[in-house]
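Visitor: As annotated in TrEMBL:
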TRANSMEM  21-38  transmembrane segment
TRANSMEM  44-63  transmembrane segment
TRANSMEM  108-127  transmembrane segment
TRANSMEM  147-171  transmembrane segment
TRANSMEM  207-227  transmembrane segment
TRANSMEM  234-253  transmembrane segment
TRANSMEM  273-303  transmembrane segment
């Protein structure tokens with residue numbers, strides 16, 4: 001039998017706070033952009049919570065779906081290790097989905113519709129996990145749906161500015177989703193998961209990721225020229241964002257010689273999501289407000305990454321990386 005502490009840590013591992021909390025930040029950014037200011041505290045809390053709770057439900061579901069493959073390649077994960085039972089994972093998934101829809105219904109019918117859209121995109125992403133570039137494509141749609149959820153919680157008529165920023169978040173998610181399947185390339189090969197790296201090979205996909213990151217930077221820099229947003233605070237956050245993207249790209253140049261660099265690149269790209277949401281919030285509500293919202297999330301995410309996750313979620317010894325594809 002596992003101790004209570006072990007079971008709590010197992011759920012924290014499943015939640016992946018350094019990823020899931022960004023779903024709430026993205027929704028808050030969408031709401032603020034649609035409204036032109038921050039929503040009321042109560043409304044903002046629900047807008048933040050619904051995507052996070054929904055994401056937790058999706059994580060329980062995908063971990064349950066992947067349990068057989070994880071037993072072979074990632075036995076330390078919560079379900080294969082027995083710290084979370086299979087039935088328990090389904091119960092938690094259902095509970096999270098129920099709470100998420102309850103919160104969305106409080107926000108109004110458009111929020112419920114967008115929640116259904118996000119759920120559908122999540123299912124498509126899970127089904128397409130072994131379909132090369134389709135999985136990152138659907139994951140990127142999921143992030144855009146988070147932003148649109150925040151917007152429709154304010155007003156069902158989505159503004160052009162929100163549509164543009166939804167495109168920005170789509171473009172931000174695509175390369176990080178591709179990189180997210182690189183750190184455990186050998187396990188994916190062993191279990192027949194056809195990620196882009198497995199299908200096309202590391203060198204070609206890496207070039208595609210570099211191109212996607214350059215396109216992302218061009219897009220985020222152009223935002224103040226296309227919508228009404230405070231350019232000074234926005235660009236202040238963007239300096240940090242660009243540095244994180246640069247760190248990820250630098251680490252990606254090392255992955256063939258040092259496969260563990262793939263995980264480092266992924267972590268830098270995961271960090272940049274919080275900063276991108278902060279840039280939008282700073283452009284709408286000012287830098288102080290943005291820092292007050294983003295900083296607690298960043299600190300909690302970093303604590304979870306360093307103190308809880310590294311030795312449990314990921315294998316620290318990675319095999320030499322084969323570079324051929326096909």
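Residue numbering: from 1, along the chain as shown.
Cβ from N, Cα, C; glycine included.
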Visitor: Which sequence positions outside the transmembrane segment (44-63), separated from its termini by at least 6 residues, show Cβ-Cβ distances below 8 Å to it?
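Guide: Counting only partners 6 or more residues beyond its ends, the transmembrane segment (44-63) has Cβ contacts under 8 Å with 14-16, 19-21, 23-28, 31, 38, 70, 77-79, 84, 89-90, 92-97, 99-100, 103-104, 106-107, 111, 115, 118-119, 122, 126, 146, 149-150, 153.
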Visitor: Out of 21-38, 108-127, 207-227, 273-303, which stretch has the largest tally of CB pairs under 8 angstroms to the transmembrane segment (234-253)?
Guide: 273-303
Visitor: Ranking 21-38, 147-171, 207-227 by the number of C-beta pairs under 8 Å to the transmembrane segment (273-303), which range is first?
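Guide: The stretch I would name here is 21-38.
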Visitor: For the transmembrane segment (147-171), give me same-chain residues lying six or more residues beyond its boundaries with a C-beta closer than 8 angstroms to one of its C-beta atoms, as numbers and ranges.
Guide: 26-35, 39, 43, 46-47, 50-51, 104, 107-108, 110-111, 113-115, 117-118, 140-141, 212, 215-216, 219-220, 223, 226-229, 276, 280
